[in-house]
C-alpha cells in the first residue's frame, strides 16, 4: 500500500509543473532578406531560419540579452534557436551584413485566475452595546512604479535551453520519492 502511495505521489508531482506552450516560428531567408524583418515571440518559443536563396547565409546576433550564431546555411538548410531570455535580439548575416532583422522575446504571460463570485449574506439589524471608540490615524503610502532598464555590454553565451520549472519539478519528485522510500523501508514495529 505504501509503495502505491509513493508511486501515486511521484506521478502527481511530475505533472504539477505548468505545461509549456511553446510555439514554433519560421523565418525564410529569400532574396537576401529575413522574412519577416521583425517578429515577436515568447520565452520558450523556437524560431527556425530556412535558407531559400542560392547564396549561403547565417544568423548572428548583433545585440540582445543572449548571443547566438548559426552555422553557414546552404540553400534548403535550416537552423533552429529556442529563446529562453526575454528581450530584443537584433541579428544579421555575417556574409551579407546589410541583411538585418529583429526578434522581440516577451516573458510568458501568467494567466490570472477568474474572479470568484461572492455570495452576499442577508443583512440583519442587531443591537450592539456602545463601547468607547479608539481611533488611530490612517497612514496611506503609495509607491511609485519602478522601471528598470538593463543593458549588457557584451553578449553572453547561449543558455542551455532547459526549463527551470521542469528541473524544479524533477528535483521535487526525486526528493519526495527518496523520502517515501526511506519511510517505507523502516522495519515495522509491532
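Counting starts with 1 at the first residue shown.
Any Cβ shown, glycine's included, is placed from N, Cα and C.
When TrEMBL records 93, 96, 99 as binding Cu cation, the matching candidate from 42, 57 it lists for that site is 57.
Checking the ranges 145-164, 165-184 against TrEMBL, the transmembrane segment annotation falls on 165-184. Broken down with DSSP, the domain 'Blue (type 1) copper' (31-105) shows 0 helix, 36 strand, 39 coil. Between the binding-site residues 93, 99, the minimum number of other C-beta atoms within 10 Å of a residue's C-beta occurs at 99. Other than 57, 93, 96, 99, the residues of this chain whose Cβ falls within 8 Å of the Cβ centroid of the Cu cation site are, in sequence order, 29, 32, 34, 55, 58, 92, 94, 95, 97, 98.
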